[in-house]
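S.K.: First, the structure itself, so that you have it in front of you.
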Amino acid sequence: VHLSAEEKAAVTGLWGKVNVEEVGGEALGRLLVVYPWTQRFFESFGDLSSAAAVMGNPKVKAHGKKVLTSFSEGLSHLDNLKGTFAKLSELHCDKLHVDPENFRLLGNMIVITLAHHYGPEFGPQTQAAFQKVVAGVANALAHKYH
């Protein structure tokens with residue numbers, strides 16, 4: 001992903017404030033509520049019967065933290081996202097059979113959750129930079145599918 005110096009500063013500046021557990025759990029929870037068909041990949045997580053059940057589910061929160069921790073790793077390797085996410089791409093393609101469109105949807109949920117948590121700090125320019133990053137990560141995760 002090519003980011004200008006200003007975009008990199010916006011991304012890294014905001015990311016330094018992010019609570020990975022809180023934002024990750026909320027972003028994954030939002031994905032499962034807004035796009036309920038994605039729940040089929042998480043049947044082992046127990047009760048996903050309502051928005052409250054999803055958002056309060058400890059397994060959703062734990063996996064959301066794991067997802068955002070991995071995303072954070074990608075922020076350290078913006079010039080090599082495909083390499084950084086190669087193993088995860090293979091896992092999601094070959095073993096889990098996740099529709100790669102879901103990566104884009106989750107990226108959008110991450111952006112929405114960041115906007116929700118950081119409001120005025122997450123202005124249009126910061127959002128534009130994060131949209132580039134989540135698109136790059138989604139593309140890297142979908143790489144094995146091509």
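Glycine is treated like the rest: Cβ placed from N, Cα and C.
OK, Swiss-Prot features for this one:
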- VAL1: N-acetylvaline (MOD_RES)
- 2-146: domain 'Globin' (DOMAIN)
- THR12: phosphothreonine (MOD_RES)
- SER44: phosphoserine (MOD_RES)
- LYS59: N6-acetyllysine (MOD_RES)
- HIS63, HIS92: heme b binding site (BINDING)
- LYS82: N6-acetyllysine (MOD_RES)
- CYS93: S-nitrosocysteine (MOD_RES)
- LYS144: N6-acetyllysine (MOD_RES)
S.K.: What are the helix, strand and coil residue counts for the domain 'Globin' (2-146) according to DSSP?
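M.R.: Each residue of the domain 'Globin' (2-146) counted once, the result is 120 helix, 0 strand, 25 coil.
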S.K.: Enter the number of other CB atoms within 10 angstroms of the CB of THR12 (phosphothreonine).
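M.R.: Around THR12 (phosphothreonine), other Cβ atoms within 10 Å: 14.
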S.K.: Counting distance between Cα atoms, which of the recorded positions VAL1, THR12, HIS63, LYS82 is nearest SER44 (phosphoserine)?
M.R.: HIS63
S.K.: Given the recorded positions VAL1, THR12, LYS59, HIS63, which one's Cα is the least distant from that of LYS82 (N6-acetyllysine)?
M.R.: VAL1
S.K.: For LYS59 (N6-acetyllysine) and the residue listed as 'phosphothreonine', determine the Cα separation and express it in whole Å.
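M.R.: Here the two Cα atoms are 28 Å apart.
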S.K.: Determine, to the nearest whole angstrom, how far the Cα atom of the residue listed as 'phosphothreonine' is from the Cα atom of HIS63 (heme b binding site).
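M.R.: A Cα-Cα distance of 23 Å.
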S.K.: If you average pLDDT over the domain 'Globin' (2-146), what do you get?
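M.R.: 87, rounded to a whole number.
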